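Annotated in TrEMBL:
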ACT_SITE  Thr167  active site, nucleophile
BINDING   Arg195, Val196, Gly197, Asp198, Thr218, Gly219, His220, Gly221  substrate binding site
Amino acid sequence: MLPVVVVHGGAGHIPKERAERSTSGVCSAARAGYAILRGGGSSMDAVVEAVALMEDNPAFNAGCGSVLNIKGEVEMDAIVMEGKTLASGAVSAVRNIANPVRLARLVMDKTSHACLTAEGANLFARQMGIPEVPMESLITDYSRMRWKKNLEPNANPVECQMGKTGTVGAVAVDAEGNIACATSTGGMLNKMEGRVGDTPCIGSGGYADNEVGAVSTTGHGEAIMKVTLARLILFHMEQGKSAEEASDLGLAYMKSRVNSLGGVVTVDPRGCWAARFSSRQMSWAAAQRDTLHHGLRSGEHFTQSIDDPH
Ligand code: ASP
């Protein structure tokens, strides 16, 4: 079954004109992650590269393409976790960084902390030699248009985001059986300055444990945190549920308990995987045994050879 990588490009309702870009973005990310695994690389390298590629892709709400906060600025959150030692690293409310997921990994690798926030995270980035980029380079016309629209008095940014969201994440198991997850986001549309969502919170935006599996989540962060969605799904797997059953149980609980929709990608230590969502859509892709799997709408599951031209 091993190795495997599964990625998502955010839960919600992706408008028709953006669906194609979202699908090709997740497929490229899964291919990139799988190339690393196929070459004998680690699951951590695979999830970081897959997520960094989607951060660079303006089709997603992460890195370039992030949604804007109430002031029209970009503040991003990201997490990585590796299942062998349960080490994790995260950044929250970080600015002017092209790839927050790489910074989260450096927090894990180079500090004794699990999360750095705001100016402290930026200071650490400077110390690590990560170049700062102008905020303008992370802002797209689309994100500015949606920010403006949601400043109107009768706007409902949460509803609007669940209409067009695009947080990114990945989970992977490598040939040695090591498991990892990574998630990255610009957060919620028109959020307050300094708002931190579920993504950098261990057990909510992601979790990885070699003994159980890994999950990366997407949806309304305030709801995901209430049910600690990633860890809840792994709890169900500890109780003997499959990756798919556990994902559905976690999402159903979030819907019934806090009335909120979302999506997840999940793997278990044997390489069984799931991409599940309660929202209308979630772009996802998985790569395993030289086959690329992908889908966007409920019930959709396309496959092709990983080496097929895109
Ligand atoms: N979970 C992210 C947040 O609340 C948003 C998303 O997944 O779309 O920051």
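Quick reminder: no glycine exception, Cβ is built from N, Cα and C everywhere.
TrEMBL does not curate its annotations; it predicts them automatically.
Model, not experiment: these values are computed from the prediction.
Here Thr167 (active site, nucleophile) comes close to His8, Gly9, Gly10, Ala11, Phe60, Asn61, Ala62, Thr183, Ser184, Thr185, Gly186, Thr199, Thr218: these same-chain residues lie at least six apart in sequence, with C-beta atoms under 8 angstroms from its C-beta. Every protein chain shown contributes to the tally, and the Cβ of Val196 (substrate binding site) ends up with 20 other Cβ atoms within 10 Å. Packing around Thr218 (substrate binding site) is summarised by its Cβ count: 31 other Cβ atoms lie within 10 angstroms of its Cβ, all protein chains included. DSSP classifies Gly219 (substrate binding site) as strand under the three-state reduction.
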